[in-house]
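Here the structure comes first, spelled out in structure tokens, and everything after it is commentary.
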């Protein structure tokens, strides 16, 4: 039997790294999410502000994988908080490159905010749990995320 091409093997390896039970999806405007992995979708409902708090088991960190966003900067954006609601805002994002962020604890919060009259632009964010210990791959740090805030009020 002939083996698959190297690119196919790489694709299968990548799929294995991100595999999981993706039946946990949140299309609601906010809430507390547990038991990763999961996927957050924004809502086009009447709510202007949505807050999702992700809590994973103790001795784990929350990892957020954010594909490139295409939000209307100045009218809508996503805030990342390193901890529960009320924690320090570590970044505001409305567009740009993909980001992967690892929280400093087992809690992270995502806020989606938009101005009145602004229709919600679709986006999604993946969340995972990562055990405490050395980083397994590079994550964006606070300074990198702040650099994406230039056009956000």
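Keep in mind that glycine also has a Cβ here, set from the backbone N, Cα and C atoms.
Taken straight from Swiss-Prot:
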DISULFID  29-50  disulfide bond
DISULFID  73-94  disulfide bond
DOMAIN    29-130  domain 'CUB'
MOD_RES   21  N-acetylalanine
REGION    93-130  region 'Heparin-binding'
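Reported as a whole number, the C-alpha separation between residue 94 (disulfide bond) and residue 50 (disulfide bond) equals 15 Å.
It is 50 that, of the disulfide-bonded residues 50, 73, has its Cβ surrounded by the most other Cβ atoms within 10 Å. Shown are the disulfide-bonded residues 29, 94; of these, the residue with the fewest other Cβ atoms within 10 Å is 29. According to DSSP, residue 73 (disulfide bond) is assigned to coil rather than to any helix or strand. DSSP states for the domain 'CUB' (29-130), grouped as helix (H, G, I), strand (E, B) and coil, give 0 helix, 53 strand, 49 coil.
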